[in-house]
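J.: Once you've had a glance at the structure underneath, I'll fire off some questions.
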Amino acid sequence: MTGAGGGLGAWGRLVLLGLCIWTGARTAAPKATVRNLTVKHQTSSSITLRWEPPEDPTLQNYTYWVRCSGDGGKDETQKTTDVTYTAEGLKPASRYEFSVWWEGGGANSSEATLSASTAPNPVRDLTVESQTNISITLRWEAPDPQSYTYWVQYTGDDGKNKTENTTDVTYTVQGLTPATSYLFSVWAEKHGVPSSVQTQEGSTAPKPFRDLIVESQTTSSITLSWTAPQGPDHPPYTYWVSWTMEGGVATGTQNTSDTRVTVDAMQAGTLYTFIVWAERNGVSSSSETRTGATAPNEVTALQKETQTNNSIALRWEAPADPRSQLYIYCVQWAGGGPPQREGDPQGHQVDQIARTKETWYVVKGLEPGTPYNFSVWAERSNVASSTQRLRASTYPDPVTIVSCTSISGGYGVSLTWTCPRGGYEAFELQVGWQQVSRDNASCGRDVSVSDLQPAQSYAATVRTIWDGLRAPAASVTCHTESAGVIAGAVVGVLLFLTLVGLLIFFLRRYKKSLKEPALSFPKDIPAADFADHVRKNEKDSNCGFAEEYQHLAMEGHGQSQTVASAPENSAKNRYRNVLPYDWSRVPLRSLGGAPGSDYINASFMPGLWSPREFIATQGPLPQTVGDFWRLVWEQQSHTLVMLTNCVELGRVKCEHYWPLDAQPCTHGHLQVTLEGEKVMENWTVRDLKLRHTQEQKTLSVRQFHYVAWPDHGVPHSPDPLLAFWKVLRQWLDKTPEGGPPIVHCSAGVGRTGTLIALDVLLRQLECEGVVGPFSFVKKMRESRPLMVQTEAQYVFLHQCLLRFLQQSAPPPTQKNEAVYENLVFENDEAVNV
């Protein structure tokens, strides 16, 4: 060994010594490694390690080596002098292996190893997907396609954090408090490493509110109310109300913090659908829906139309509401005083209610002679309008006459009649020409009537009176007693008077036959002879006209007037002695079988070519204006002729039945509109439009209103009336279609008859060259009583005809045949209204 070593020399030995030292170091046992290697921090792209130096106090100035390897093939070694190290550029949610050792003083430690993962990326697009009043559902997107565990954390009502996990990207948190805000934290986890936290605020919905009701309605508003939702401390809510009008028209939305709201500016009688919901923190509760209708406007023009002893017919006008055709009308009635409850021990009549879709109703089954209180209102979806009220009485029942016996002596009779059923105030008793009234105590006992003649028969009638209404008369023939001397004296006197009367009669006939031939009235008079005819009749203060007119006095009498005389129609006649005959009256269409609803005081009148060329009627009464317009509509008449003023000498002669201005008037289903008016000196021409609101059809009507003709009198001159007639006749010739012209004054006989006769006779002159005033007036009176009501009107008719002939006379150079050419188109300007 020495020899070998000695042969190396000094430098050889030195190298050998270093080699031995290095070899010894390499083959020595490893030094202690770093202590407490841990992960200090992780992100989605880095991991920070931390360790402590080795415990060998002799070692200083360490160099630490860190090797990182793992997902994605990463494998690198880095050195540091610090006891922490951050590996960067890593992949999220990936696992890595770390080795750490130190080097110093020519020595290396053993390796300390550690496995660690990077954190996942945070979840994305965290949102509240839905809410109920006890739950909130969250949704988010995963950081990447890997599978993760997700954690959801929130603070509960007890103030403690609650954490729940899921592997899905949605989660519903249950058991929450209604109308409460929560802050949610959500993070992903992989390999036990959480991502950063994402937060989202969310609120639960309020509980549904309760007891939503339609509290009240008017014609233009609806009030809703409800009870606030249940919940802790009843937090403040905002309530939203939206509404839609029937037909699907959305009309509005409003909000309130109160539990009651009134929606205004609505249409009357219209259905609305309301949707109501509560809101807090921007989250809405479930909604509630209610349907309600506004109240209709009240009916107008409620009136009693007809009445009998057991029924009363009512009529009214529908409100001018856009949906009035959908209304139901309620009619309530009760007899006598205030309404009584059913089962009233006193036997008072209870309230009764009927419903109808018509604007009229016949209340039947009533007691005779009884006052009733009526109430009428419109209704839509059980919402009622304000009420219109009316008080009316039924006709009393007629009496039954039990007996009529003569009083001893022959100068009186004694009558007895039964008390009628129902109410009665008095009785009207007439025996012969004597008329007396008796109080209500006179029934059921003898009632004596004196100052009669013996041995006579008397027609006796008894009428029940109640509230100004008269029942049909009960009649009986009474016979006075013929006793001895009284009878003989009466018979003698009667025989004597009879002989004297016969003698005077034959003497007068004989004298008259010596002076002049029998009176006859010409049927038709040639135009050339008409002036002589007028001059002849004008002699001795119109003596000839007086005789002619006297022979017309009874014309038409005795014809049946049953319909016009019926009790239910009596209030529709302006004058008791002007009633249409049954055969010639103009019937209206019956309104659902209501008694008297087919009656109007109007008659078909003959003309030159037709037996129904005109309609003559009375001026409308307040209660018959609707019937008048029904007459116009049903007859499809385009022409109205009015020959009276509404008020003459302080007395009402005709109801004002047309609109005063452009505002339409409604009568039942008929709406009347004034479209134009032209005022002349003696007449006014009006254009009217009649519209049927149910049939949606219209009728154009022109009214010719002559204002210069006094009642029962005659105009001061024929000229204005002839000018008026020419304007009217030109219109009628230009408008041949439609129904007959309707002519009226007050009663519909005097001025009406004169104008109809004037029109027919002037056309007779034109067409035939002859004229027959007497014959035509006679013909008119067969269709309607009292046509051409006074002798003065009869004379004036002749004066008008004569004046027309005088105005029409040709100049001397013309031939007489030209007299009867058509002269009615001279006043074109007056017609162009």
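Even glycines carry a Cβ here, placed using N, Cα and C.
Please treat TrEMBL annotations as automatic predictions, because they have not gone through curation.
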J.: Of the ranges 65-86, 285-306, which one does TrEMBL list as region 'Disordered'?
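T.: In TrEMBL, residues 285-306 carry the label region 'Disordered'.
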J.: Can you tell me which recorded stretch out of 33-122, 123-207, 298-397 has the most Cβ pairs within less than 8 Å of the domain 'Tyrosine-protein phosphatase' (545-804)?
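T.: By the under-8 Å Cβ criterion, the domain 'Tyrosine-protein phosphatase' (545-804) pairs most with 298-397.
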J.: What are the helix, strand and coil residue counts for the region 'Disordered' (285-306) according to DSSP?
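T.: Going through the region 'Disordered' (285-306) residue by residue, I get 0 helix, 13 strand, 9 coil.
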J.: Restricting attention to the domain 'Fibronectin type-III' (33-122), give the mean pLDDT.
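T.: Here the predicted model's pLDDT, averaged over the domain 'Fibronectin type-III' (33-122), is 87.
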J.: Determine how many residues of the domain 'Fibronectin type-III' (398-483) DSSP places in helix, in strand and in coil.
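T.: The counts are 0 helix, 44 strand, 42 coil.
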